[in-house]
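Novice: So that we are looking at the same thing, I have put the structure below in structure tokens.
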Amino acid sequence: MTQQTTPPVVEMTGISVEFPPVKALDGVDLHLRPGEIHALMGENGAGKSTLIKALTGIHSPTEGTIRVDGVERRFTGPADARAHGVSTVYQEVNLCGNLTVAENIMLGAEPRRLGGLHWRAMRRQAATHLERMGLSIDPASSLGSHSLAVQQLVAICRATVGDCKVLILDEPTSSLDTDEVAHLFTVMRALRDDGVAILFVSHFLDQVYEVSDRMTVLRNGRLVGEFITADLPTHELVQHMIGRSMDVLEAAEHVVERAGRPAGTTPLLQAVGLGRKGSVQPFDLELYEGEVVGLAGLLGSGRTELARLLTGADRADAGQTRMAGKPARLRTPRAAMDLGIAYTSEDRKGEGVVDGLTVRENIVLGLQARRGWMRPLPRKQVDELVASYIEQLGIRPADPEALLRNLSGGNQQKVLLARWLATAPRLLVLDEPTRGIDVGAKAEIQKLVADLAADGMSVVFISAELEEVLRISHRIAVLRDRRKVAEIDGGGATMDQVVDLIAGGGAA
Amino acid sequence: MTNLLRHHLFWPVAALVALLVANTVASPGFLAITVRDGHLFGAPIDILRTTAPLLLVALGMTLVIATRGIDLSVGAVVAVSGAVALSHIASSPNPDSPVTVLTAIGLALALCLVLGVWNGFLVSVLGIQPIIATLILMTAGRGVAMLITGGMITTVNSAPFKVLGSGFWLGLPVAAVLAFGVFAVVAFVVRRTALGMLLEATGINPAASRLSGVRSKTLTWTVYAAAGLFAGLAGLLISADTMAADANNAGLFIELDAILAVVIGGTALSGGKFNLSGTLVGALVIATLERTVTVVGISPLVTPLFMALVVIAVTLLQSPRMRERLTAATRRPVATTPPEPQSAARPDSTEVKAR
Amino acid sequence: MTTSAPARAPRALKIPTRLDRRYLPVVGTFVVLALMLVVGGSRYENFVSPAVISNLFINNAHLIVLAVGMTFVILTGGIDLSVGSVLALSTVVTAALLQAGWPPAVVIPLAVGAGTVIGLAHGVMVHYFQVQPFVATLAGMFFARGLCFVIAPESIAIDEASFVSLATWVQIFGGWRMSSGVLIALIVVGAGFLVLHFTRFGRTVYAVGGGEQSALLMGLPVARTKVLAYVVSGTCAGLGGLLFAMYSQSGYSLTGVAMELDAIAAVVIGGTLLTGGTGFVLGSVLGVLVLGLIQTIITFEGTLSSWWTKIVIGVLLLIFVAVQRVLSLRKT
Amino acid sequence: ASDAGGEPAAGGETSGGADDGVITLGFSQVGAESGWRAANTKSIQDTLTVDNGFELKFSDAQQKQENQIQAIRSYITQGVDVIAFSPVVETGWDAVLQEAKSAGIPVILTDRAVDSSDETLYESFIGSDFVKEGEMAGEWVVEQYDGEGYQAVELQGTTGAAPAIDRKEGFESAIEGSDVEIIDSQTGNFTRAEGKTVMEGFLNKHDDIDLVFAHNDDMGLGAIEAIEAAGMTPGEDIKIVTIDAVKDGMQALVDGKINYIVECNPLLGPDLAEIAQKVVAGEEVEKRIVVKDEAFDQAAAEEALPTREY
Ligand SMILES: Nc1ncnc2c1ncn2[C@@H]1O[C@H](COP(=O)(O)OP(=O)(O)OP(=O)(O)O)[C@@H](O)[C@H]1O
Ligand SMILES: Nc1ncnc2c1ncn2[C@@H]1O[C@H](COP(=O)(O)OP(=O)(O)OP(=O)(O)O)[C@@H](O)[C@H]1O
Ligand SMILES: [Mg+2]
Ligand SMILES: [Mg+2]
């Protein structure tokens, strides 16, 4: 479309992929040129991940051609793709938690000595890669012991090992916070300048604008077009992606009415000195009805751990909790649920989805579990409930009988949200609920959270995206080094203020 | 045609039909059912009766497998059940009284339930891996059964008890009526309540289920208890069949048969989605296969080889890979099927296509 | 988050001060084993003697080899139920061919190779046809047992001179004895350890067990690894059969019934998770020794009736598993 | 009596030797796979008591040769006076028997023989002759029914087990030349339940079975159930011949449901005690002591049943 300075290193034309009866991709083109960062944009379920998987040989396209370096190819799988210089970080973290960080980075390109693995060199090289990504973790530690964000960074490290001509990053930033993202972008730019072609998927528009040179937009499995980033204003991009204008987004801007809570009411949930050894330091926290409390902090600051203590996912070993003034013991998730507390884990794959069940079953799971097995929900009621959430959250495909594992990442997240909303909780703890969710849906979810709060629900909201936290929280608790360090009013808080607190008074 | 081929019960049923055909060829009167002494008689009826204990054990096994577990101890539980019941009857002064028999049955079932609960305790509370947890009882259970019978085969004469094994009810074998009845009730309960879904959720993703408020531990506990109870019932049927409690041989290797039945029926051992109707067909296939060996006249020397070949054939035909091939072949002309190596690397086809 | 310069320093200092959590189950098994030896030693005379410990290895050499192979398969998240039968097949092949006058140099590779071929068939069924490992290897179990009967239903004594001299080779130092079987088993253990920890294949075995799909997306050779794991197990079963044939100097079609359960139990007691991805060959060896020790205790106990034998085995197994479990939980 | 071999002075104090008048005997049993075996074990345990001058060390090998070898090794280490065992398999004992020999411990085999080229490795074998048992059964059948064109089915023991192989061989050789014909043969694994299922299969398949030869009583008893369920009369419509003569079988014989039983005597305790005493005293013993197995028809069974011990 524009000046053809360099020939594309990857050229996909007329790609179609079918999952009968769904046609996930329909005649899509993609051109990746060396030395560019190319964003792949589209709503949840638009077909971004599928396109990537078609390239790397996981799905076989029914139509279309793929050329790499001008040669027509069909890769037999990720190994083959990698051997031809195409490295990929897939959407869900796909590493082996049982292996060490070093192995996860180096396996496949491991240094050898006397025909066997050279462990020391492996750790050393892995450390170099980690360092480049700004990660200071022990390469000999096991990957599973690290948080999801760290794992995501490790996955990126792995992709950059060896000589890669093409680097594909499917939503690499979804669980990273600003510092990590900045670091990642530095690395990406460095690679680009070395002539690597980078394909980048993200639902964060500002990130896309910050880092990408060119973008390809998909909608419903079809190609909308290829654009030069600098020439495409945000609202046009959104319009291309969702096929509507962006008033939804604007609506979300003013959703939260930050009316102060009436003085003297008892908190819905009150934690006093709650803590757990090796997890979060004892903290106090009060949550009131109709209030959204945001948790802010750096990666690894302990937000998730705090949330888990509040919801019985982990058992606290210090402190008390009171629910509506009465002492309450949150020993198991079930006990918390019976008190009306719901928790969506940040680890969608590991602790969220039951991927072998259908959308319908996943949505009713929480509600049904609470009713007990002997009182099945009437089928009619289930169908209505499921249909209403599919509609309300825009879950796609809108088929209650679809297996959850066949849904796109963002849609799986919506299903999880529906599962918890269906239980009509009094306190909803959302850990990264908008991870991997497209702009439109994200705005919907923010609006939903605000509406729920307005109806009297109490919400704890965790997000790696600070603006989001600022935008919808009445109050913000700030964590640093697994300790609650401050609590500020959401209404008056500014970004800088919070960033200062997070970083520890600007000391960094 | 394609739909029929793709149905999860297609291959198990096909195997069953093939076996029946083989039997009929070897012995033309095989499928004939006659009425004799006011009840039905014939090879198919025999098969129903011999399926009964296996069906019960496989039923419990299916539920256990759904939660990602496995129960190796069922064979030993079968032995314990028979030993308890028959020892009680044998030691009572009045073996023909229904009270004695009912007490014996009650005692045996209660003990088996306790054994099941024990397994459940090891698995769900102590967190011991199911295969090892149940291996403990698999070894010790037979010892307990032998302790009860003193290592001898305990035989009794008790008309009410004999009914369980060789009695007839409405022309059908009591054992079969009982087993298929229990099976139907359990299948109904599991599928009509939310139990099935909760079990599947526990089996597929225990962590997610826990966070969703599913009482996974209680469920796990329950299925092992149920497996114990059903195995106990099977033990009663087996001992009533010969009116003897053989602590060494009763239910020997029935756990393998049961697991095989579950798998032939299309339930994955990795847990999650389960399929009770498949288990039913699987149990029938195995019972028929055993009968086939005799009727077709396979020499004992090659019997294991023959069994192996049948199992290999059924599982290969039923394998996701073969199904894919077959459905692909029926769906579209060969020319457009994707090139060979591509589908080999399809990561999500492991289970998606399995059902 | 930190600058790179100071990041280096602490890393260099990161000598594992605490025990890595992954080793806990193995250490647990080891501690229990040691405890059992101490308890046994105080209870029975001559219990902790070189002779008893040497015998522990000599009697279980074949099981050690089976457990090594089984460890590979279980690490990939699979299971191999056929090893007992394959072991029997290997003994029968060895005995029958030696009886027919074939030279050991030909017979030995053939017997081991039979296991390899069956293992390969398992691997192909499991990977390419996606038959569940439990079923594929169960079929293999019937198959191998069936072949045994077809070859020779009755037991065959081995009296071929060079084979017998190989089988009866014993080295004695002090009270310790080392048979050729034990030597081979130890070599297999060493090889298993090296392969698992110092080759790409070995690490891929762990990766596949940690998550097959992840391993695939990481671009690792999943297919080859899975198939090879079954080949390793089959080969080990074949070799185990050879060791058993050396140990018993005969071949018999009913050998090794339910031995697969012993092998699996040993592996699991040794700290390997059946879900795959975690475990160590050395743990499996400890597992075998635990089982052997249980048997030794039974013989030392002297007069247990048949049923009490079974019950005591069950109870000892329970104690081992429970104590190991508690030990490995405690330290987390 | 027990200081020798490569073993360093192994536990002489536990055994006490024969000099104190008590004989320490280590016995390794195959397992406890059947009622017959249980009776065998009981006979040994009841005979080799302290009162009779024995200290019995007993172990159950759970049908595993390796356990049995281990047990024997352990008896050697413990320095018992005599080792006795019923081998799981016939072959593969040379090495361990050699060890016992060089430790100076005499070995007695019971129930099953070993297949060894070196007969000096054991002192004596006490047991039944399985081939003979099969022959006795076959001879009776020929004697009774030859000339009537009998069609027989055979319920075999566990495939590969020595008694199954030998009994089959004996029976077949005995009926050779007669017009009794084995039309079908299948394994029932020595158990009632499988005996019953296999018999059901035979009945489905053949309309004209005249005789069942079962390798043990249990399978025969299972066959009776199947025959009755098919509406026929066992012992009349279909004749039944079995081996073992356990109590249940004898009862069935008395009831006329079985026609003939060849005994396989499990009560080896007294013989074993006697031989062990002789061996320890250094007396010569016979290399092979075949226990006298009787055979019972209905009349004989009626007589024997009341005093039957097992
Ligand atoms: N294995 C599969 N089987 C059936 N349908 C599938 C499968 N994989 C993807 N799909 C469908 O293909 C469509 C495209 O999914 P894809 O994962 O490519 O979306 P995406 O653009 O990556 O979305 P997200 O932003 O949520 O990650 C979706 O409708 C999804 O349901
Ligand atoms: N950069 C890092 N270096 C080392 N360890 C880290 C890092 N980031 C996170 N961790 C680990 O993550 C754990 C805290 O994770 P937790 O999930 O509670 O944090 P969080 O605030 O929810 O952050 P996020 O969810 O974004 O990862 C800590 O145990 C810490 O060891
Ligand atoms: Mg995606
Ligand atoms: Mg978090």
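Positions of Cβ are set from backbone N, Cα and C atoms, glycine also.
According to TrEMBL:
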type: TRANSMEM; residues: B:48-65; note: transmembrane segment
type: TRANSMEM; residues: B:72-90; note: transmembrane segment
type: TRANSMEM; residues: B:102-128; note: transmembrane segment
type: TRANSMEM; residues: B:135-156; note: transmembrane segment
type: TRANSMEM; residues: B:168-190; note: transmembrane segment
type: TRANSMEM; residues: B:219-238; note: transmembrane segment
type: TRANSMEM; residues: B:250-269; note: transmembrane segment
type: TRANSMEM; residues: B:295-317; note: transmembrane segment
type: REGION; residues: B:328-355; note: region 'Disordered'
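Could you place these features in context, so I can see how deep they sit and what lies close by?
Specialist: Within the same chain, residues 53, 57, 60-61, 100-101, 103-105, 107-109, 111-112, 115-116, 119, 131, 134-142, 144-146, 148-149, 154-156, 158, 161, 227-228, 231-236, 238-239, 243-248, 250-255, 258 sit at least 6 positions outside the transmembrane segment (B:72-90) and bring their C-beta atoms closer than 8 Å to a C-beta of that stretch.
Sequence-remote contacts of a segment are chain residues at least 6 beyond its ends whose Cβ falls under 8 Å from one of its Cβ atoms, and for the transmembrane segment (B:102-128) they are 69, 71, 73, 77, 80-82, 84-86, 88-89, 92, 134, 136-137, 141, 161, 216-218, 220-229, 231-233, 235-236.
Within the same chain, residues 35, 38-40, 45, 48-49, 51-53, 55-56, 59, 63, 196, 199, 226, 230, 233-234, 237, 240-241, 276-277, 280 sit at least 6 positions outside the transmembrane segment (B:168-190) and bring their C-beta atoms closer than 8 Å to a C-beta of that stretch.
Outside the transmembrane segment (B:219-238) by six or more residues, the chain places 52-54, 56-57, 59-61, 63-64, 66-67, 69, 71, 73-75, 77-82, 85, 105, 108-109, 111-121, 123-125, 164-165, 175, 178-179, 182, 186, 195, 198-199, 202, 250-251, 254 with a CB less than 8 A from a CB of the stretch.
Long-range contacts of the transmembrane segment (B:250-269) within the same chain: residues 8-9, 12, 15, 53-55, 57-58, 60-62, 65-66, 70-79, 82, 138, 145, 231, 234-235, 238-239, 275-283, 285-286, 311, 314-315, 318, 351, 354-355, each at least 6 residues beyond the stretch ends and with a Cβ under 8 Å from a Cβ of the stretch.
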Novice: Excluding the flanking five residues on each side, which residues at least 6 beyond the ends of the transmembrane segment (B:48-65) place their CB within less than 8 Å of a CB in that stretch?
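Specialist: 71, 74, 78, 130, 172-173, 175-176, 178-180, 182-183, 186, 190, 199, 203, 223-224, 226-231, 233-235, 237-238, 241, 251, 254-255, 257-259, 261-262, 265, 267, 269, 271, 274-276, 279-280, 282-284, 286-287, 290-291.
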